[in-house]
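Note sheet for the following structure.
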Amino acid sequence: MAAAPPLSKAEYLKRYLSGADAGVDRGSESGRKRRKKRPKPGGAGGKGMRIVDDDVSWTAISTTKLEKEEEEDDGDLPVVAEFVDERPEEVKQMEAFRSSAKWKLLGGHNEDLPSNRHFRHDTPDSSPRRVRHGTPDPSPRKDRHDTPDPSPRRARHDTPDPSPLRGARHDSDTSPPRRIRHDSSDTSPPRRARHDSPDPSPPRRPQHNSSGASPRRVRHDSPDPSPPRRARHGSSDISSPRRVHNNSPDTSRRTLGSSDTQQLRRARHDSPDLAPNVTYSLPRTKSGKAPERASSKTSPHWKESGASHLSFPKNSKYEYDPDISPPRKKQAKSHFGDKKQLDSKGDCQKATDSDLSSPRHKQSPGHQDSDSDLSPPRNRPRHRSSDSDLSPPRRRQRTKSSDSDLSPPRRSQPPGKKAAHMYSGAKTGLVLTDIQREQQELKEQDQETMAFEAEFQYAETVFRDKSGRKRNLKLERLEQRRKAEKDSERDELYAQWGKGLAQSRQQQQNVEDAMKEMQKPLARYIDDEDLDRMLREQEREGDPMANFIKKNKAKENKNKKVRPRYSGPAPPPNRFNIWPGYRWDGVDRSNGFEQKRFARLASKKAVEELAYKWSVEDM
């Protein structure tokens, strides 16, 4: 077999690219064929030329080419920080649950899936049971989780459930088959659970089309901390799960078709909840028997009239009930209607600590059932109406002997007694003469007092001095005002004298001169009269005309009286700069205090100047 001619890289790439364009899916097969048909070096030994074929597989070429392209593109792309998933763990688990194919989701992919519908899973088979499609029931259904169910847990009933109200079905047996446990032979309908929480959706209506099954409702009191029990596969209880407190046969159950013609009891509303057919909690008995049946008060009177009444109770949605007022307090015929009742077995019926509902109004022993009925007494009307009377209970008139009225006692006058006093204060009835005279005297004294008060109500107050004479306040006020004025004038005069008359006059003259100068323009010229007069009157030393000026002044002031003034040598300075009298002979007769003061001021000023010069010496 002849050796295949060697291929150049360009031809090899051309063949490879044409093969890639023809079909990508056949790339692996062609690669294998090429590897099988790889040209072998011809001959053994050193004959001819040894060709080393740089055969690279198409996968390696494609990856290297893509890596090169990615490296080239990465230079143009912006740098992005690494994405860090900071979502909570619940959201991640929910996303993993939805994205995985292990679970079969029912309905829409919303987060409310666990609370939409619940199915019973009694076997390991995870396929859902048959769903009821008889009525558009979007409310949550309870499911049995006897096996480890990986589905999300159902929502509790003590949380607000926004599901709408169900309409009751009035057909005798037209509903689709119920969901029945596969390991149970119980034919009784599911019991209605009680929800004391603000759940707007009422519980499902039990269907009473089964023979010999009375409508039992299981109470779910919210104060009861015990969780609902789950029945097991091997449970001997073949009835649907109910919450009971005794294992003995329940003697309080009664079929509707029995000869007993008693009405179904109506439980009173503990709260103004108008949701139809919502049962309320009842007080438990001490003997451990728990009430198993309680009908809603909002439904009408349920009567037993034969087998035709075996259907479930009517829904108040379809029956007119005009009475939506708050619950009325029923009145008992006996004085002990509100006291605690003792049945024939001596069981004192009280509300236990776990049952926090308000106690019901107990009826008298005459209205209670037989000893076999261990359910708590219900509120009943005092007069049993006929079977045709379906009207709501009327408001009963209050009897005088009823102790059930919890309102406080009224303040009323005892019968046969009238008010002892009238509005004016006088006594009623026959009054003795002494009492009448005393009342008259008191009335006269009151009238005199009132007249005296009216007379001196606006009178002026009379003030007297120590001797008892009346004081004229107006004159006293005038005298005080005059005296104050005189004192103020004298104080001003003494203040003026204390400051000095000459100083005050000079100060006043200076103020006048300053006001006059303020009226003149800012620039004064040579032709200013005041300025020329002031310069002429000045005496200058060495002036040859000084004597002539003095003579002229003396002639001008000859007719004017001028006080003589000291004209000798300069006197020593004083604090007030006062000149001595014209008769002073020039001898200093002081103790030298003024001289010392001026010397002290001069030395202080010299020291300050020397200190300043020393501080700025180096500058």
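Counting starts with 1 at the first residue shown.
Keep in mind that glycine also has a Cβ here, set from the backbone N, Cα and C atoms.
Between SER62, SER281, SER316, Swiss-Prot assigns phosphoserine to SER281; no such entry appears for the others, which is not proof they lack it. As annotated in Swiss-Prot, region 'Disordered' covers the listed stretch 20-56 rather than the other ranges in 20-56, 501-537.
Just one residue in SER271, SER299 has phosphoserine written against it in Swiss-Prot, and it is SER271. Just one residue in SER115, SER235, SER344 has phosphoserine written against it in Swiss-Prot, and it is SER235.
Counting same-chain residues at least six beyond the ends of the region 'Disordered' (538-578), those with a Cβ under 8 angstroms from any Cβ of the stretch are 584, 586, 588, 590, 594-595, 597-598. Mapped onto DSSP classes, the region 'Disordered' (538-578) shows 11 helix, 0 strand, 30 coil. Cα of TYR494 (phosphotyrosine) to Cα of SER567 (phosphoserine): a span of 32 Å. Taken together, the residues in the coiled coil (433-520) have a mean pLDDT of 90 on the 0 to 100 scale. The number of other Cβ atoms within 10 Å of the Cβ belonging to TYR494 (phosphotyrosine), over all protein chains shown, comes to 10.
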